[in-house]
Ligand SMILES: [Zn+2]
Ligand SMILES: [Zn+2]
């Protein structure tokens, strides 16, 4: 492995996630465009796959932004985050993930995410929650848009096998990958990535699953489907969440309920 590849690995380990623009500007001496970046990453992946690491390229379905991710491909549960996070942080991570998975629209409010801190098995303050959430937003484990928290592209990519077992219905009909935000057909309830559907609807106007004319199911969101909010602006406003929107968190939940 050459020095430039090693430096890029260090950059990815340090940041966990970077936009493709950030990655391109970091290795501008070695690559000039996205195609070259893909090749550069492909060569690195050949070297690091034996150590169960991978650099992945993905589009975030919430922000529609392209990301380069540092991925741990070893086993498929939260334990792989053990080196980086404390036991209580991992418990918080797991409960957040489960709450989002069981919620109707696969998202919880930021206020709910903070309220969950009081239901954990040992002392973990809201401030602790805010601090670690900030890291998880930056690392793309979770993503905050408006006042909602969604599963991030890094979490979805690292825990794909686990999530496909947990949520077998959350599969995009167009690319067969996991989809959590998505857009739902009003006729047949099938779900598709927003970016997959946009490409598809450029060519036709029927649902890819039921062939009825595409009509979108209203997901009950306060925001329109086309609201584009950058992560930065979502991050800067509403730091403490909308308290009144957060539903009370069940206390004293048994361990089995969290599984
Ligand atoms: Zn898709
Ligand atoms: Zn349909």
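Yeah, the Cβs are placed from backbone N, Cα and C, and that goes for glycine too.
TrEMBL annotations:
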type     : residues : note
DOMAIN   : 172-210  : domain 'Non-structural maintenance of chromosomes element 1 RING C4HC3-type'
COMPBIAS : 225-234  : compositional bias 'Polar residues'
REGION   : 225-259  : region 'Disordered'
COMPBIAS : 248-259  : compositional bias 'Basic residues'
Secondary structure content, the domain 'Non-structural maintenance of chromosomes element 1 RING C4HC3-type' (172-210) (per DSSP, counts of residues): 10 helix, 7 strand, 22 coil
Within the predicted model, mean pLDDT of the domain 'Non-structural maintenance of chromosomes element 1 RING C4HC3-type' (172-210): 93
